[in-house]
Amino acid sequence: MRISRERYFELYGPTEGDKIRLGDTNLYITIEKDLIAKGDELVFGAGKTARDGLGLLPNVREEEVMDLIITNVVILDPLLGVIKADIGIKDGLIVGIGHGGNPFTMDGVNFVLGSSTEIISGEGLIATPGFIDTHIHWVAPQQVFDALSAGFTTLIGGGTGPAEGTKATTVTPGSWNIKIIAESLDYFPLNFALTAKGSSSRITMEEVLRNGASGFKIHEDWGAMPRVIDETLTVADEYDVQVTIHTDTSNESGYLEDTLNAINGRTIHAYHVEGAGGGHAPDIIKICAEPNVLPSSTNPTKPYTIHTYEEHLEMLMAVHHLNPKVPEDVAYAESRIREETMMAEDYLHDLGAISMMSSDSQAMGRVGETGIRTFQLAHKMKDLGLIQINDNERVLRYLAKITINPAITHGISDYVGTLAPGHIADIVLWDPRFFPVKPYMVIKGGAITWALMGDTNASIAYAQPVLYKPMFGYYSAKSVSFFFSATDGVENLSKIVRRRVLPVKNTRHLTKKDMKYNDILPKIEVNPDTYEVKINGIVPKVPPSKSLPLTQLYFIY
């Protein structure tokens, strides 16, 4: 029996060769492969195939079948590509990408379903890995709600609340503070990794690693001198943890070359490499050309628009406790905000030379906008046409910046960052019309945790008003979420929190070549007087955007 492509779409969703528009952007992904056997699709509902003896195998033990299946969904994943498949989940892990069902009645079955299996209908939806934000200032715990509502399931950073140190730096200093923050975050259904203060004090750094820190943050507000950089990286190398750095904007203790000499070829994650978020003025962006540096942006400068420059001056003064009545403070702020480097940053992202995107939450950036701004930038750069790549490659390049590359960088890619089998089932489902603004459902560790839900006194699930609400997985945080810690701190952190603690690993021998879709090492030159940036000998012309997709249309209500 043959049916039209249009009819197939109505019944089972798109298939191989179909194109899907993402939100109201100019980006159209194309399904590269459909892993589901035609004619044997599993569909839930009255008169459908997901019934006992049909798509569900009877008389089979629980351990032999999936706990959960997401059917006929389009998978958008930096390792798997753009494919159509079922997703099989067991014990909170993804165990199958392919075709689920009953092998006695269906062809091409990769994993078995039975009466113990729950079903989420994925027809017409997109599944991505849960997004990862590597630049979280723990100013307020309520950021968790905004992160979930934007598709984020793993947050990496530091802080203690609205203290001056936290409003400026992603640092949880000292073991006592780590204990307090870990106990507090234990009630929220996301994965967390806490960064402690990088310093010249070895004993202090070893103490925090033994008590649950996952790595270090070097920040100029606490001191980013060459001695601090060297000692922090020395300890990190011994304990296999990552170091993030916000370098010395005022060049007080050295210039970019001095920082690179202190780093001495060792792996480091460089934050907000454009410089508006902080870093050697005016040429920190040149760090993107270093093979041992894993570079990221923060979202306030992305994409560069007609309002970006003006917004940043006042924002910077507030975040870094600067006094507008002190000329030196004003000069410091103005040295960090440069339109020329913002333009270059847009181009470097599209080129694949900046490997990650993050928020800098409540400390210049917005935790709920990282996904939006990432794909606004992809839209803008496709529109400009400076780099000619197909939409699948461009979308996967930008998706990798907020999924697998942050996971690799921080030593947690064995657990999160992809939907590949063996990883934690942190899955975000999207209606393509709302990607990547508002997820349809967030699945955390195999449990539905955050979702759109209607009036709970109504007769059906989606009676107005439909709002994001915590689901049962939210209240089972200890079962579905994880802390990530230095190996030496796993045991002690496990005594503080209820949930499992997993070790970070394989962070110290990474290079830019380990960054998926984002491993380019261009030649970068910065004019110290005009701030003009040349990339591979060319000044890219990236004008500020006057309008963007994924904006007011999605926030009328």
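For all residues, glycine too, the Cβ spot is worked out from N, Cα and C.
Here Swiss-Prot flags His320 as active site, proton donor. In the three-state DSSP reading, His320 (active site, proton donor) counts as coil. Taking a C-beta cut-off of under 8 angstroms and a sequence separation of 6 or more, His320 (active site, proton donor) has the following same-chain neighbours: Ala168, Asp221, Gly278, Ala333.
For His137 (Ni(2+) 1 binding site), the count of additional Cβ atoms within 10 Å of its Cβ stands at 26 [all protein chains shown]. Swiss-Prot lists His135, His137, Lys217, Asp360 with the feature Ni(2+) 1 binding site.
DSSP assigns Lys217 (Ni(2+) 1 binding site) to a strand segment in the three-state reduction. Neighbour list (Lys217 (Ni(2+) 1 binding site), Cβ cut-off 8 Å, at least 6 residues apart, same chain): Gly157, Gly158, Thr169, Thr170, Val171, Thr195, Ala196, Lys197, Gly198, Val243, Thr244, Ile245, His246. Residues or ranges marked as Ni(2+) 2 binding site by Swiss-Prot: Lys217, His246, His272.
The number of other CB atoms found within 10 A of the CB of His219 (substrate binding site), across every protein chain shown, is 25. What Swiss-Prot records for His219 is substrate binding site, and it gives sequence analysis as the kind of evidence.
Among the features that Swiss-Prot reports, domain 'Urease' is placed at 130-557.
Residues or ranges marked as N6-carboxylysine in Swiss-Prot (evidence: sequence analysis): Lys217.
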Distant-in-sequence Cβ neighbours of Asp360 (Ni(2+) 1 binding site), under 8 Å, six or more positions away: His135, His137, Tyr271, His272, Gly277, Thr298, Asn299, Pro300
In three-state DSSP terms, the structure that His135 (Ni(2+) 1 binding site) belongs to: strand
Candidates His135, His272: member of the binding-site residues with the richest Cβ shell (10 Å): His135
Other residues, Cβ within 8 Å of Lys217, His246, His272 Cβ centroid (Ni(2+) 2 site): His135, Thr169, Thr170, Ile218, His219, Thr244, Ile245, Thr247, Ala270, Tyr271, Gly277, Gly278, Gly279
Stretch-averaged pLDDT - the domain 'Urease' (130-557): 96
Assigned conformation of His246 (Ni(2+) 2 binding site) - DSSP reduced to three states: strand
